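Now, the feature entries from Swiss-Prot:
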type    : residues                       : note
BINDING : CYS214, CYS225, CYS228, CYS230 : [2Fe-2S] cluster binding site
REGION  : 7-139                          : region 'N-terminal SAM-like domain'
REGION  : 214-230                        : region 'Fe-S binding site A'
MOTIF   : 275-278                        : motif 'Cx2C motif 1'
MOTIF   : 286-289                        : motif 'Cx2C motif 2'
Amino acid sequence: MSPAAILSDVPRVLLLSPPSLSSNPDKLAELLNQYDKNTRDLQMIDRLAAGLVSLPESTYNLVLLLTDIDGTSTESERLVGRDVLQQIARTLQPGGIMKYHDGLSAMIKEPARTEAILSGLIANDKGELVKPVFEEQSVLLPFSINRSQKSIKGININKSDQQPAILQKNIVTLTNNTNDIFNGLEGDDDELIDEDELINEDELERPIIQPPECRPKAGKRRRACKDCTCGLAQKLEAEDKRQRANADEKLSALKLNSGEIAEVDFTIQGKTGSCGNCSLGDAFRCDGCPYIGLPPFKPGEEVKLFDNDVQL
């Protein structure tokens, strides 16, 4: 057998020391010499509480809290909080014990004792805090449907002498006492319900009441749901169509025919603006003339604008 396998069977001990004890190396060394150095580990409670170190999972059979330098447990219990106790419960093997090194485990005061119980530890008859051992067991659950005692196609399903199927380890076991479970294959009495029969014509013609949460708020237009059934989607669609029709109507009113275009198109020979002075220059042009800034040109001469550059 390998040395690692031998050490794995030896109980492991974890010593948790308060900071005050580390200030006295002689006393700490005396406590460490009481345990085999191959099977014991030492951790400082303050470093564990600060999250600077972490404990391995399911490793130790015994976790010992060392008392303070003055022999009390004030400093240890102050540092042992919920996070530390959760790590202790996790690092203990099932059946592992947590106590003080002098055996005064019952002296662990509140709230540390309550936090230890909430972390998963329980108190035994000696007052020690122990990590419980959860045994694996199978539970028999009868699975049966009591209907008529029939068989399908020569297969007798109503056999009560069949042995239950025992599954391995902690898996729920079902007993095979199914009484005519396939009886529904012969004739199903369930009838399909016509959805149209659930609502009459009066209910269909009734106006849809819009829920308060679907009503648009002031200053904000609410979007309809993807599967809208309250009528908001139809209302918004009608509003969009009405606005589009109004916009098209206004746009058509601004359209000019060929004759009207010729009246204001100065590139057509013989056509001038209402003032008749657009081609004479800025001195003769109106304030709103589109040709302000252009040099004088002859009536009928083509004028193009490219990037604010005038080309005649």
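Quick reminder: no glycine exception, Cβ is built from N, Cα and C everywhere.
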Can you tell which of the binding-site residues (CYS225, CYS228, CYS230) has the fewest other C-beta atoms within 10 angstroms of its C-beta?
CYS225
In the region 'N-terminal SAM-like domain' (7-139), how many residues does DSSP call helix, how many strand, and how many coil?
46 helix, 29 strand, 58 coil
With DSSP, how much of the motif 'Cx2C motif 2' (286-289) is helix, how much strand and how much coil, in residues?
0 helix, 0 strand, 4 coil
Using DSSP, would you call CYS225 ([2Fe-2S] cluster binding site) helix, strand or coil?
coil
